[in-house]
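Working notes, structure below.
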Amino acid sequence: MQAVLKQIMETSYGPMNGPTASMPEPDLLDNGKVVDTSKRESKDSFMEYAQRHVRKTISNSSRGVVGGGGAGGGVQGPNRRANANFSKRMRRRLVYKNGEVNITQTNIRKRRRRYLADIFTTLVDIKWRYNLMLFAMAFTLSWLIFALIWWLVCFSHGDLDNVGNQSWRPCVMEIKSFTSALLFSIETQHTIGYGFRHTTEECPEAIVLMMFQSCFGVICQALMTGIVFAKLSRPKKRAETLMFSKSACICKQDGDMCLLLRVGDMRKSQIVEAHIRAVLIKKKITKEGDVLPLYQFDVDLGFGEGRDRLFLVWPVIIVHKIDQDSPFWELSPEDLYREQFELIVILEGIVESTGMTTQARSSYLPGEVLWGHRFERLVTFQKENGQYQIDFSRFHNTIPVDTPTCSAKELAEMTAAGQTPDQTFCATRNPDDLEDEEEDEEEDNTSLASKSDRSMDSDAFEEETTFCNKSSITSPVNVGPQWRNFFKVEEFD
C-alpha cells in the first residue's frame with residue numbers, strides 16, 4: 001500500500017527526495033483547507049497524510065463531491081474548482097479532447113515578419129473581433145484618407161474660397177467643407193452616385209484621383225470580403241459534429257488483443273474519403289542513451305487492409321490489432337496505469353457540402369483506456385418505420401468482457417505453448433482472488449465508510465467507488481476518470 005501510494009504521489013507531484021515530500025498547492029488539498037507541509041517530519045508521516053487524503057477523497061465521492069454517474073464523471077459540490085485543478089495537475093495533455101493543441105511557441109526569430117509574409121493566412125487565423133475590427137478600420141481609414149486628398153485638391157484650386165460664386169467652375173461640385181469631401185469620398189469608393197456631387201473637367205488631378213479611388217475601393221472590398229468569407233467557410237467548425245469516444249478499450253477480438261475506439265458523425269451530410277490515423281506520444285531512450293521525450297510511435301489502424309478508410313454513415317469502431325509492431329505489445333494491465341503516454345487520433349475527410357478538407361482530433365491518456373471492455377451497440381432496426389436507429393446516448397458506453405490479464409506478448413507466448421491465460425472483466429481484479437474480494441467487500445466498504453464525515457449504505461458506497469465490477473459497469477464513467485488511480489490504490493490495500 002505504501003509503495004503504491006508513494007508511486008502515485010511521485011507521479012502526480014514529483015519525486016520525494018528530501019525529508020518532506022513535494023506537495024501541490026495548499027488550496028488543492030483537504031477540500032480547500034490550507035495545509036502546512038513544513039510540519040511533516042518524515043516520508044512516513046507524509047505517506048500517512050497521503051493515505052488519509054485518498055480515503056477522504058473516496059468518502060467525498062460518496063457524498064456527491066465527485067460525480068460518478070454523469071458523463072465524464074464531473075466534479076460537483078462547492079469544491080469542484082479545487083478538485084478540477086487537482087485533476088489538471090495529475091494529467092497534462094498535448095491535445096485536448098476538443099482537438100486544441102496544448103503547445104506554446106516562444107523565442108521565434110523574426111516572427112512578425114514571417115507572419116506578415118503570409119498575410120492572408122494570418123488574417124484568416126486571427127480571432128473574429130480582430131478580424132471585424134480590421135474590416136471596419138480598413139474602410140474607415142480609406143474614406144478619411146481620400147476625403148483629405150479631395151479636400152486638398154479643392155483647397156488648392158480655390159473652390160472653398162468661392163463657394164457662393166455662381167460663375168466659379170470648381171473641381172468637384174458641392175464640396176464646401178471637409179464633411180462634404182468625406183461624403184463624396186464614400187460615394188466615389190462605393191459607386192453610390194447620389195448626383196449632387198460630381199467631378200468636372202476643370203481639374204485633371206481630380207479625374208485621376210477619382211479613377212484611382214474607384215480601383216482601390218474594388219480591391220479593398222474584394223480583399224476584406226474574401227477574408228471574412230474564407231473565415232466563415234472554413235471547415236474547422238465541421239469537426240464539432242464529429243465525435244470520439246471518451247474512452248478507448250482493450251479486449252480480445254478474433255483471437256487477438258485489440259485496442260478499440262469509436263468515432264461517429266452526427267450530421268446527415270457525409271464526410272467523403274474519411275480516413276483515420278493515430279500516433280502514440282511517449283518517451284523513448286535511444287541506443288546511444290539519448291532521451292526523446294515526445295517520440296511519435298505509429299499506431300496501425302488497418303492501413304494495409306484498408307480499414308483506416310471509413311464510411312461514416314453510422315458510428316464506427318476503430319480497431320488496432322496489438323501485434324509485434326504495436327507500441328502496446330508488451331503492455332500489461334498493471335503497466336497500463338503506470339505508463340505515461342498519450343494516444344492522439346486524427347480523423348480527416350472532405351466535407352460533402354463544401355468540398356473542403358476538415359480534420360478532427362482527440363487524445364487518450366492511460367487512465368482513459370479501459371482494459372477488459374468493449375463498446376455497447378448503438379444501431380437498432382425499427383420495424384415500425386423500417387429504418388435503422390442510432391442511439392447516441394450510448395455512444396460512450398462500454399460493457400465488460402472476459403479479457404486476459406497479461407500483455408499481448410505474453411498471450412501469444414502462452415497460446416503458442418498451449419496454455420490458457422486467466423480471464424477477467426477488468427485489469428485491476430485477479431480472477432483467482434475475485435471470490436475472496438467479494439467475501440471481504442462488505443467489510444472493507446464498511447471500514448472505509450466509517451472514516452467519512454457521515455455514514456452511508458455499503459451498497460451505495462460499492463456502486464460509487466468500484467469501477468471494475470461485473471454487474472454495475474455499463475459505462476466507463478462510473479467514477480470520475482481523474483480519481484481512478486485513487487480508487488485503484490484501495491484495491492491493493
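Using N, Cα and C of the backbone, Cβ positions are placed for all residues, glycine too.
These numbers come from a predicted model, not from an experiment.
The region 'Disordered' annotation in TrEMBL covers 61-82 (among others).
Positions annotated as compositional bias 'Gly residues' by TrEMBL: 65-76.
What TrEMBL records for 95-235 is domain 'Potassium channel inwardly rectifying transmembrane'.
Residues or ranges marked as transmembrane segment by TrEMBL: 132-153 (among others).
What TrEMBL lists as transmembrane segment is 206-230 (among others). For the transmembrane segment (206-230), same-chain residues at least 6 beyond its ends with a Cβ under 8 Å from one of its own Cβ atoms are 120, 123-124, 131-132, 134-135, 138-139, 142, 146, 149-150, 153, 171-172, 185, 188-191, 199-200.
The annotation domain 'Inward rectifier potassium channel C-terminal' is assigned in TrEMBL to 242-414.
Summarising the annotation, TrEMBL assigns compositional bias 'Polar residues' to 417-427.
Annotated region 'Disordered' per TrEMBL: 417-474 (among others), in sequence order.
As annotated by TrEMBL, compositional bias 'Acidic residues' applies to 433-445.
Outside the transmembrane segment (132-153), and at least 6 residues removed from its termini, the chain residues within Cβ reach (under 8 Å) are 123, 126, 171-172, 175, 178, 181-182, 184-186, 188-189, 203, 205-206, 209, 213, 216-217, 220, 224, 227-228. Taken residue by residue, the domain 'Potassium channel inwardly rectifying transmembrane' (95-235) breaks down under DSSP into 86 helix, 4 strand, 51 coil.
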